[in-house]
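Q: Take this structure, written in structure tokens, and hold onto it; I'll ask about it next.
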Amino acid sequence: MTRNLIRSAAAALLAVTCAGCCGNKGTGIELLQEEAFNKTADGKVISLYTLENSNGMTVQLTNYGARIAALWVPSSDGSFKDVVWGYDSADAYLNAKDKYSGPVVGRYGNRIKDGKFTLDGKEYQLTVNENGNQLHGGKGGFSTRIWDAEQFTDAAGNPAVKMTLLSKDGEEGYPGNLTISVTYTLTPENEVVIDYNATTDAPTILNPTSHVYYNLHGTSAKSTDSHLMTIYADGYTPTDAELIPTGEIAPVEGTPMDFRTATAIGARMDTPDFEPLRLGKGYDHNWVLNKTTDGTHTGAHIAAEVYEPGTGIVMKIYTDQPGLQFYAGQGMDGKETGKRGDIHNVRSGIALETQNFPDAPNHENFPSSVLRPGETYTQHTVYAFSLK
Ligand code: FUC
């Protein structure tokens, strides 16, 4: 009797402990803990925001870099998998060498040659942070900033977080005071919807994108080379050795860049005699999207579909943007360790960034990235999850 009492008390204690600290909801989900994210830096408060839909799909975000920190989606074995790289505390994010796990990058996502561009006859010199070029908005770009954040329920009843940032005139060399907001919404259809909105008080350039490393195995212990990927693009933008576009739009036809039918990411990445892959040390290029729709998602075309046979997880990307940067994570060296001890190994996280083309301000044949006072920049991108 007494022994039974002790046993049930112990079981109850374990249940309470688990709900309180492991956050395991019986689905394999291990939530990041809010306390680990409460931190003040640069006079601003960093926090963690948790969105959950009726299917149990759960997204955790932090306003440090307006980033996705965890994304638990259903897998075919009935459990949930966290399909994004991240860290388990604000300190870990602040100290990480890699600033590009999950954030919004900008003002200009990807590279601008020599950090220079000319607008209305005036040349601007941006800060440079990679080979004398600017990458992802510079060292102090959007991904390193603490955004204002507001969690709310939208008109359709969906959980959402709106992050807002004022990027001041002259910041990282960009003209104009730019106000940008990024709203993340989780829908009952298991979609993460990302809506961008920005205005400026002086002409400027803008190309923000979401830079998340996805691994549909749910662990970086397994390579993303096995993911089967489709990119809905007939062309891509070849680059020089510093990954700056030459200005050409080349056909994918007959090359390892052709992902128009589902192909394993690793199948052709090491093709030795194909120069673009030699220069990128693998896939790190911008695809020129065909803008074809699959009959869903008004106002957005289908950019890509990724499927991992091992977990059954499918991720489809819809966007209104002209380009998609696909980076296969070949620059990772296993020296960084993220959530749950996940080691950030080579080719174990892929970035699929909806965007304008890299270095577009320096190529007249690329879409314009200019934003003027009185105009509003918008971007609508959807990451949709399902099972096969
Ligand atoms: C992608 C790539 C880059 C870089 C960065 C972190 O956008 O184009 O090469 O490594 O992410």
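Every residue, even glycine, has its Cβ placed from backbone N, Cα and C.
No curator has checked TrEMBL annotations; they are predicted automatically.
The model shown is predicted, which means the values in this text are computed figures rather than measured ones.
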Q: Considering the beta-D-galactose binding residues Asn110, Arg111, His211, Val212, Tyr213 given in TrEMBL, which of Asp42, Asp273, Asp284 is annotated for that site as well?
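A: Among Asp42, Asp273, Asp284, only Asp284 appears alongside Asn110, Arg111, His211, Val212, Tyr213 as beta-D-galactose-binding in TrEMBL.
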Q: Specify the secondary structure state of His211 (beta-D-galactose binding site) as given by DSSP, simplified to three classes.
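A: Once the DSSP labels are grouped into three classes, His211 (beta-D-galactose binding site) ends up as coil.
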Q: Measuring Cα to Cα, how many angstrom lie between Val212 (beta-D-galactose binding site) and Glu353 (active site, proton acceptor)?
A: 8
Q: Check the binding-site residues Arg111, Val212, Tyr213, Asp284 for any whose Cβ is under 6 angstroms from an atom of ligand 1, and report them in sequence order.
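A: Correct list: Asp284.
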Q: Ranking the recorded positions Asp284, Glu353 by other Cβ atoms within 10 Å, which is at the bottom?
A: Asp284
